[in-house]
């Protein structure tokens, strides 16, 4: 998924500021000084404030560069990062990149931790408000439902206003709402605050992968994504463990206080240490400030050939385009359904495990949370195994000496597709109280291992298959799986009451078993299927163009081109049908005469 780079550099030293900086042109007490220009060289007014330089990272060295263009509205100077530009995220030291990945992964962990930690205090919520189990479970479902809508909004806004601003605002508000939930006076206010926290706090789920793409090139991105991808699964697995003990000992309000504290600490850490990393935003703001300071017109090279796009236009595309691709592309639809089923099964466990271990075996609320240890172990095993898979893929790419096919991403999904039903059936039919408790938990290790293998491999497959449409594809996948994750816990209790523990636990196992052929089919026939899919074929054409001509094509450009091709094919097919129909009528008339 190609997303442009971003971070801001360390602050300029005081000596650098004194000798090589630009100040604040908003000081009304300073006389207006016109900059002197010599060709493309501009002398900055010497009395401008240091604050401007520190805030916007503009130094005289940026102004002194020889940029293409004439500095006019018709032919603006086109700026790009300098060779040693400290604001270019791709040039950050490796240790900083990995530190930022760790911090963003913690932010995702905090968000997903809160989705399931609530289950640890669900008994206390029922007693406090006198509600049913189903109503109390809405606290999980509504939170996860927020994951459906949040990323669709925050992803495009991060491209307009930068990753850092969007994260700062969303996580600040999410922390406040999470703290507010701790003091909720009614079940209605608690559920509303849970939904809002999930919606607003879900920004890292979409922006963290974008930040990784900002900092790492494709050869390094796999390992970083592997590290990040564990967070959305570790969080829900760890949540009931911590939540079970705290909810039992201190009550559900303290549990929400823990969620707010976790979110707040990660908000502060990420805000303080992670700079802006989105290259188009950095260069856009730099061009605006340089234009303001010099009186000349500057524009980012990344924006130079793009038509202006408003926030409303980007939001419209963000909200509609994912669903268009989801329902028009068979590959996207099938893989998203598969991922959604196994993702929903994971969230079903938060309602099923208390039935199996607390009700069935008499475990306490805190000890019952430890049943999720198997899922934690499975996720960790998958992260380790995927690190080796990433090295295998890199070796295969070097050996081939040519671009790898998207289908080369699928071997882990094939393995994972087998592990999931094995683990689920293992769990289902070893839940009898007469069987030692460790046996069903071992089954959840295989389930979680397979789940994350399938999840990561299929997402990589979709990204490589759709390239320029990857952002919309990821949004569609995220929205659909969040809907499943919100829905599955709601019918879990009724299903277990009606079918019994063993058969109810087998339902998702049968669904996973039905999905086993999909990775095999895509591995063998994926290329032929992609070439018959409208947008996958266009993505392949765009990728070929980018490789041969070394040009950058935006998602909007590719979408427009794909839609034009589709309209042309539709017009040609209609014209052909009309011609054929007219020909048949002519023959019929000739025969009748």
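Every residue, even glycine, has its Cβ placed from backbone N, Cα and C.
Quick look at what Swiss-Prot annotates:
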- 9-43: compositional bias 'Polar residues' (COMPBIAS)
- 19: N-linked glycosylation site (CARBOHYD)
- 1-44: region 'Disordered' (REGION)
- 570-593: region 'Disordered' (REGION)
- 98-118: transmembrane segment (TRANSMEM)
- 135-155: transmembrane segment (TRANSMEM)
- 167-187: transmembrane segment (TRANSMEM)
- 195-215: transmembrane segment (TRANSMEM)
- 227-247: transmembrane segment (TRANSMEM)
- 254-274: transmembrane segment (TRANSMEM)
- 337-357: transmembrane segment (TRANSMEM)
- 367-387: transmembrane segment (TRANSMEM)
- 410-430: transmembrane segment (TRANSMEM)
- 438-458: transmembrane segment (TRANSMEM)
- 468-488: transmembrane segment (TRANSMEM)
- 503-523: transmembrane segment (TRANSMEM)
**Study point:** Any contact, the transmembrane segment (227-247) to the transmembrane segment (367-387), with at least 3 Cβ pairs under 8 A
**Key:** yes
Exercise for review: Determine which recorded stretch among 135-155, 167-187, 337-357, 410-430, 468-488 has the most C-beta pairs below 8 angstroms with the transmembrane segment (367-387).
Suggested key: 337-357
Check your understanding: Are there three or more C-beta pairs under 8 angstroms joining the transmembrane segment (337-357) and the transmembrane segment (438-458), sequence spacing 6 or more?
Key -> yes
**Study point:** Stretch with greatest number of CB pairs under 8 Å, the transmembrane segment (167-187) reference, 98-118, 135-155, 254-274, 337-357, 410-430 candidates
**Key:** 254-274
Check your understanding: Do at least three CB pairs under 8 A connect the transmembrane segment (410-430) and the transmembrane segment (98-118), leaving out pairs fewer than 6 apart in sequence?
Key -> no
Practice item. Report, as numbers and ranges, which residues of the same chain sit near the transmembrane segment (254-274): CB under 8 Å and 6 or more residues beyond its ends. Key: 7, 99-100, 103-104, 106-107, 109-111, 113-114, 117-118, 120-121, 164, 167-168, 171-172, 174-175, 178-179, 181-182, 201, 211, 242-243, 246-247
Revision key, fill the gap. If one takes Cβ-Cβ under 8 Å and requires six or more residues beyond its ends, the residues near the transmembrane segment (135-155) are 114-116, 118-119, 122, 125-126, 129, 166, 170, 187, 190-191, 194-203, 205-207, 210, 315, 318-319, 322, 347, 350-351, 471, 475, 478-479, 482-483, 485-487, 489-490, 492-493
Review point. Looking only at residues six or more beyond either end of the transmembrane segment (410-430), which have a C-beta under 8 A from one in the stretch?
Key: 342, 345, 378, 385-386, 389, 439-440, 442-458, 461, 501-503, 505-506, 508-510, 512-513, 515-516, 518-520, 522-523, 526
